[in-house]
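Asker: Found this in Swiss-Prot, in case it helps:
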SIGNAL    1-24  signal peptide
TOPO_DOM  25-664  topological domain 'Extracellular'
DISULFID  C40-C123  disulfide bond
DISULFID  C73-C91  disulfide bond
DISULFID  C354-C447  disulfide bond
DISULFID  C385-C406  disulfide bond
CARBOHYD  T444  O-linked glycosylation site
REGION    451-473  region 'Disordered'
DISULFID  C527-C597  disulfide bond
DISULFID  C548-C613  disulfide bond
DISULFID  C602-C609  disulfide bond
TRANSMEM  665-685  transmembrane segment
TOPO_DOM  686-695  topological domain 'Cytoplasmic'
Amino acid sequence: MARWQRVYWLRSLFFALVTSVNSLSLPQSENPAFPGTLICDKDEVRVEFSSRFDMEKWNPSLVDTFGNEISNCTYALDLEKFILKFPYETCTIKVIGGYQVNIRVQDTNADVSYKDDVHHFFCPAIQAEIHEVSEIVVCMEDLISFSFPQLFSRLADENQNVSEMGWIIKIGNGTRVHTLPLKDAIVQGFNLLIDSQKITLHVPANATGVAHYVQESSYLYTVQLKLLFSSPGQKITFSSQAICAPDLSVACNVTHMSLTIPEFPGKLKSVGFGQRNIPEDQWHANGIDKEATNGLRLHFRKSLLKTKPSEKCPFYQFYFSSLELTFNFQGDMLSTVIDPECHCESPVSIDELCTRDGFMDFEVYSHQTKPALNLESLLVGNSSCQPIFKVQSLGLARFHIPLNGCGTRQKFEGDKVIYENEIHALWENPPSNIIFRNSEFRMTVRCHYIRDSMLLRAHIKSHSSPVASVKPGPLALVLQTYPDISYQRPYRKNEYPLVRYLRQPIYMEVTVLNRNDPNIKLVLDDCWATTFEDPASVPQWQIIMDGCEYELDNYRTTFHAANSSAAHSGHYQRFDVKTFAFVSESRGLSSLIYFHCSALICNQASPLCSVTCPAPLRNKREASKEGTMTVSLPGPIILLSDDSSSKGVMNPDSYEITKDIASKTLGAVAALVGSAVIIGFICYLHKKRIVRFNS
């Protein structure tokens, strides 16, 4: 039985070797006496006969296993191209793994048929492509391991023979795909392992196609993998993606662990540790803060971390066990697991040098030990010296002790004068089931002077300071819009684009920022509107020219004085724009409008501050153009016509304009009707008078 299984497997292997990976057409030539080639297509079988074959003499037909012609088989025979086509369902016999094809080629002139006239073929069943996604990805420093389910057990029996047969590896980085046959991939360090349970592919971290991202000392790489296997009748695609962060930069201070993630196309959505998974919008509330400049930095409060004794450190070490980072990468949610840990840290921070005025400064952090220190029990030496600052909730105590007090000792080592003391503290809430070798915390603190150091006092006589050179600084102007004429609160940047309808005025203001000088004044030069964000783009609608209403505009801009309560009213320029100004017969209504203004700052006494409207000449302020500054609205304004279906509640000012126009129109119509009645009545009297005269 095993021998026949071996023969069947070798037969399948033969088909795999002669079949193209991407083609579904399988040429069959089992019977060399057959005068043609049989091709197994996806939907039908095609037989191509030799051009020397006499189709009329040799009549090909499809028969069953007994040699009888299949009655319901409908086939197409092209005598000119020497091609025979027929479907699988009605013209073949379905067997395990495919279809049996029996073709009889018989001389039509012969009276007797022979058994050797029937030729037998086999077409494997064409199966749909199978897609498998790996859920087991293991990141290591120098390779990534992908595991996939085993779909064909016989491959495990001949792993050495089939490992390079029909396999293609594709590695992508989002923009380019690198394709390798398995035999070439193995040479480059890839490894494919197949057993009865799974298929495992090892991809080197330095393989072509793996994308690497580095920032400072942080290192991260991403892999997009496709492993393809093709054999007659089937095509299997194993796919997976991975984000690996084998070496992220970790920095720890007294209160936080900081983790640096290089900038790459993925976006971090959540972090998980222990039994917790914390989404981005809940980080701050759970003791995690982020910085999103030049990559991403996460700051974890140390209360979230675990501690462990370490042979490398004299004190306990803070760490995360299996910190899971979940990213949105290329439309998929991918996770990577890391184990960051803080370097060895001391619960006491001390300046190496003693202070110049004869003191030793150091800080004690209660949470740098396990259990934490009880700051209330802190002692320095054998004295009662207290810290100058202590907050139990922050876990911090700061000392400033004299070198000639609090039990500080002095000694000489080489060229240094060393001052040292010892601090004592009790543990805070130690667990009852743990026996401590020491009942209290003890640590020696020290600072030093260089032995030949000498404190000098000097008086340095300096020259008088130079006179400051005064020049105007850069201007800071802003252009804003307001909901109404009260100019109470401008629209914020996130409220753009704004929506306005025809007949609604747009209230604008140009303001000087960060200037308190009452002697300066803001003067508008030009204001205009464009359909693009660029102030220099065309077309343009002029709103203000040389500080005056644009004379060619049918709907003039109206200026508004700043309130008397406003500080430095000369620092403001307020006006409203009529939306009719942006409608013309040739252009129609532009739905998206950007506004821009150029302005200058001048001294109140300067002639430049005097604006006469209408401006007599365009070159009135040409000499001052270098001092102007162009500002734009934070965003565009969408203009809608009156009949827009999206129009909501009408603005009160708009309503008044509409009501005024309607009343005037109604009055005109009434006057016209009245005139017609009067003229008709006069004509009637005149006609009646003529009739009387004739009679």
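The backbone N, Cα and C atoms fix where each Cβ goes, glycine too.
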Asker: Under DSSP, is C40 (disulfide bond) part of a helix or a strand, or is it coil?
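Answerer: Looking at the DSSP assignment, C40 (disulfide bond) belongs to a strand.
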Asker: Do you know offhand how many angstrom separate C447 (disulfide bond) and C609 (disulfide bond) by C-alpha?
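Answerer: On Cα coordinates alone, these residues lie 66 Å apart.
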Asker: Give the number of CB atoms, excluding that of C548 (disulfide bond) itself, located within 10 Å of its CB.
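Answerer: Neighbour count, Cβ to Cβ under the 10 Å cut-off: 17.
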Asker: Other Cβ atoms within 10 Å is the metric here; tell me which of the disulfide-bonded residues C40, C123, C354, C609, C613 scores highest.
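Answerer: It comes out as C40.
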Asker: To the nearest whole angstrom, what is the C-alpha distance linking C609 (disulfide bond) and C548 (disulfide bond)?
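Answerer: Here the two Cα atoms are 13 Å apart.
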Asker: Have a look at the disulfide-bonded residues (C406, C597) and report the one with the fewest Cβ neighbours inside 10 Å.
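Answerer: Across C406, C597, these disulfide-bonded residues, the one with fewest Cβ atoms within 10 Å is C406.
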Asker: Over the span of the topological domain 'Extracellular' (25-664), how high is the average pLDDT in this prediction?
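Answerer: Taking every residue of the topological domain 'Extracellular' (25-664) together, the mean pLDDT is 78.
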Asker: Got a sec? Which of these disulfide-bonded residues, C91, C385, has the most Cβ atoms within 10 Å?
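Answerer: It comes out as C91.
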Asker: Taking DSSP as the reference, which of helix, strand or coil describes T444 (O-linked glycosylation site)?
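Answerer: In three-state terms, T444 (O-linked glycosylation site) counts as strand.
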Asker: How many Å separate the Cα atoms of C91 (disulfide bond) and T444 (O-linked glycosylation site)?
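Answerer: Taking the Cα atoms only, C91 (disulfide bond) lies 96 Å from T444 (O-linked glycosylation site).
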Asker: Could you tell me which three-state DSSP class C91 (disulfide bond) falls into?
Answerer: helix
Asker: Would you pick out, from the disulfide-bonded residues C73, C447, C527, C602, the residue whose Cβ has the largest number of other Cβ atoms within 10 Å?
Answerer: C527
Asker: According to DSSP, collapsed to three classes, what secondary structure does C609 (disulfide bond) have?
Answerer: helix
Asker: Out of the disulfide-bonded residues C73, C354, C613, give me the one sitting nearest to C602 (disulfide bond) by CA distance.
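Answerer: Answer for the nearest of the disulfide-bonded residues: C613.
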Asker: Given C385 (disulfide bond) and C123 (disulfide bond), what distance in Å do their CA atoms have, once rounded to a whole number?
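Answerer: Cα-Cα distance, C385 (disulfide bond) to C123 (disulfide bond): 95 Å.
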Asker: Hey, how far is T444 (O-linked glycosylation site) from C354 (disulfide bond), Cα to Cα, in Å?
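Answerer: Cα-Cα, rounded: 15 Å.
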